[in-house]
Amino acid sequence: MMLSWKQLILLSFIGCLAGELLLQGPVFVKEPSNSIFPVGSEDKKITLNCEARGNPSPHYRWQLNGSDIDTSLDHRYKLNGGNLIVINPNRNWDTGSYQCFATNSLGTIVSREAKLQFAYLENFKSRMRSRVSVREGQGVVLLCGPPPHSGELSYAWVFNEYPSFVEEDSRRFVSQETGHLYIAKVEPSDVGNYTCVVTSTVTNARVLGSPTPLVLRSDGVMGEYEPKIELQFPETLPAAKGSTVKLECFALGNPVPQINWRRSDGMPFPTKIKLRKFNGVLEIPNFQQEDTGSYECIAENSRGKNVARGRLTYYAKPYWVQLLKDVETAVEDSLYWECRASGKPKPSYRWLKNGDALVLEERIQIENGALTIANLNVSDSGMFQCIAENKHGLIYSSAELKVLASAPDFSRNPMKKMIQVQVGSLVILDCKPSASPRALSFWKKGDTVVREQARISLLNDGGLKIMNVTKADAGIYTCIAENQFGKANGTTQLVVTEPTRIILAPSNMDVAVGESIILPCQVQHDPLLDIMFAWYFNGTLTDFKKDGSHFEKVGGSSSGDLMIRNIQLKHSGKYVCMVQTGVDSVSSAAELIVRGSPGPPENVKVDEITDTTAQLSWTEGTDSHSPVISYAVQARTPFSVGWQNVRTVPEAIDGKTRTATVVELNPWVEYEFRVVASNKIGGGEPSLPSEKVRTEEAAPEVAPSEVSGGGGSRSELVITWDPVPEELQNGGGFGYVVAFRPLGVTTWIQTVVTSPDNPRYVFRNESIVPFSPYEVKVGVYNNKGEGPFSPVTTVFSAEEEPTVAPSHISAHSLSSSEIEVSWNTIPWKSSNGRLLGYEVRYWNNGGEEESSSKVKVAGNQTSAVLRGLKSNLAYYTAVRAYNTAGAGPFSATVNATTKKTPPSQPPGNVVWNATDTKVLLNWEQVKALENESEVTGYKVFYRTSSQNNVQVLNTNKTSAELLLPIKEDYIIEVKATTDGGDGTSSEQIRIPRITSMDARGSTSAISDIHPVSGYISVLLFFIVNALW
């Protein structure tokens, strides 16, 4: 169909306007859904939702049962946006099918149908029900007969009084299909009144029917009879896809029948099928095509069985397989628009345009649901809906058809301003303006029309393809596009550059761990192009910031050299230098092999174990690009300090060997093994340890060491040794064999010590002579046998303790804190042992003997000084001898009183006077207090300042004269002497070296004395009138 020029101009304008404003036909966001309104609800309105988007915004109208709803005339209806509000819904007027229409300037769409129903439940008619008489053992069905209602119901039965409901079990069943109560076998306890209770699942309203009395007949008990199926499902039952299907089945009979289910074709039930209410209900959730077929309910008791059969058929409402999609096309084109749905039965199709049935004509046809329109024009634009329906439902799919008419326009898809390519390459210059219908295109280079030739082709989409580009192809290219509505043009500058070349490429390298290298990558490129370098390692782009510790790009603007520092094994692999410009890219690759010490061997296993050997095997780890030349085996036990190298056979394990025998192991010890590989680079990491294994048992081979003994109590022979370490015991059940005999006797006495940790054995016998020599040896044994004995050594039996007390005990005080005790030695025979010494026990007269203190002295001493005593206090003491066998009796007790303490007052006002080499000292007399010892004299202590040896001068006067050499400082102090010891020292006085013929001083002048620097020998002479 040809259009006039006026129509063309108008269509072009409309197409441009539509593009500018982005107009869009209505699209539903919300559609109404089926609703059930409870009659008598407190809510006095119901809302049916409808919302659509579009530009311009849609407006709405509604239909009920195909007739328009005029909200301006009927005030029970109100529109809120697109939502329809029904005020005070009435089941007589408002029940039916509702549809929403959304319209804007581009067209109209219709919503799916939404059914509004009203749920109600009326009361039972008030009439008495006849009583039901049955014999005991007979089955019975009590009918419910629900009142008029709308909406789904649930049923229950009350026994006698509400709310005592009948409990369902294998004997009693309430059908949710019929509402009836089924009792398979009546018992006397069933007698009573039964009331049917009906509940609306929508409104929750509940009504009760009239009671039905159930009584027993008096003509006897019903005998046994085979099952009679009273409740069964239909012979044919359609089931919707995805629904939950419930089949009920119940039988009367005596005994009470057992209900079972099966498929007639013998196929087992899938796991989703559930049996409920004591098998009275078969439930199939999410019903699918494979669940169709014949099902059987079998009721069986001891008198026989009965079977009910029914077939489930499958149906599915239509559902979309392919939805409509918006179409935008040009005038005079053809349209093929397909929507596809599935369902059972197979859906049929019809189409709407702007809410009305599509009118078919010669160029508009529908076939198998697909719409075809030939020679499109703008008036074909609008909103289209495909409806798929079968007897179970219908569905809608909506889309917009835009038929465009416009002149070529490059604004939406402009041509590239510049394209850069290299000499010899292929380039395509695009020319894709928007145009309806599609524009025809031709090209110009400068002012010259481009013609097709061997290297140049005009493409069907309007593009220009140039192969094997040369420098002469560079220039400005213009595409001129034209259709019946107008024409437009666009330009592209083609820039032709020289190709980029790598002039110094990286090469394969072989390095060792820890080295640093540079992989070169230098290029020659067109100066018009910016260049960028990138390195890939094993296909991954190198991040120089993240991996800067190892990788760095070095070189100038035309170089992308890669420096790799401190190379590690992980750096082995393929390196690619990628050079990229705006028009091309080149790359070059090199392999880097990094050699290092080998990785740990793997799968170390102990294949065979004996008492002293272990057969090992392992597999090779990574060789780190350097072949393994040797292996070493290490072992660890609970007794070793870390891992130790062990001996193997072969002694030297070469790099091709994967097995070795470890020798010289200790029996009955738990070992772990590991293997270390070495190559010419060095030793690698050790393998993971093998599993722990224990060597087999063997007889012990090591005897105890340090065998000795002695001591103990009378009539004992004590034998000691160092226990054999656990790792040398060679097996379980380890112990010691102790052998001994008196010196000169040939027969050994043997005994066993079963504890491997026991280092001692004591032999007791009254016949043992004290301190007699024995030959002793200690051997070993375990579960596998006996081992060697230690060398024979001599051990003496226990000594005899002393039996005599020391005699002639005496004690006298030495000072205020010391008492000397003396005694005579006891008579002693060497055959009785060795006398170790004496023990002196002492206590004061205020203490108890049991809490006494003790002092021990060697056996050759006959006196002891007790120190640290309290002053002026009587102490009691006794002495006894002792040896290794024990201690003898104590001597008689003696006592002595410590002297009073020395005076606490030091000699005061010490003054000195030096003449020539003489020094005259004077001091004040010290007077003792009542509780202090009397002063018996004084001691003058003096030494040179450079020596520590102190000289002492005793005197009973308060003065002393010293003859001292010159040229030396002297330190002097004075103490009082008493029977209780020396008193408190005076302050030290320093006498400087004598440099003049006359000098004097006192203790108050000490701080003015300067130290001397020389050292001379001290010659001390003193002249005193001492009385001794």
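Quick reminder: no glycine exception, Cβ is built from N, Cα and C everywhere.
The cysteine that Swiss-Prot pairs with Cys100 in a disulfide, picked from Cys16, Cys50, is Cys50. Which of Cys249, Cys386 pairs with Cys339 is settled by Swiss-Prot: its disulfide partner is Cys386. The Cβ of Asn931 (N-linked glycosylation site) has 10 other Cβ atoms within 10 Å, all protein chains considered. Closest to Asn193 (N-linked glycosylation site) by Cα-Cα distance, out of the recorded positions Asn65, Cys297, Asn377, Cys431, Asn468, is Cys297. Taking Cβ-Cβ distances under 8 Å and a sequence gap of 6 or more within the same chain, the neighbours of Cys144 (disulfide bond) are Tyr155, Trp157, Thr178, Gly179, His180, Leu181, Cys196, Val198, Gly209. Taking each of the glycosylation sites Asn468, Asn538, Asn765, Asn956 in turn and counting other Cβ atoms within 10 Å of its Cβ gives the largest count for Asn956. For the glycosylation sites shown (Asn193, Asn377, Asn489, Asn860, Asn913), fewest C-beta neighbours within 10 angstroms: Asn860. Geometry remark: Asn765 (N-linked glycosylation site) versus Asn913 (N-linked glycosylation site), CA distance 81 Å. When other Cβ atoms within 10 Å of the Cβ of Cys297 (disulfide bond) are tallied across all protein chains shown, the result is 25. If you take the Cα of Asn860 (N-linked glycosylation site) and the Cα of Asn931 (N-linked glycosylation site), they are about 38 angstrom apart, rounded to a whole number. Set side by side, the glycosylation sites Asn65, Asn895 differ in how many other CB atoms lie within 10 angstroms of their CB, and the most is found at Asn895.
Of all the recorded positions given, namely Cys100, Cys297, Cys431, Cys479, Asn913, Asn931, those whose Cα is no farther than the 10 Å limit from the Cα of Asn489 (N-linked glycosylation site) are Cys431, Cys479.
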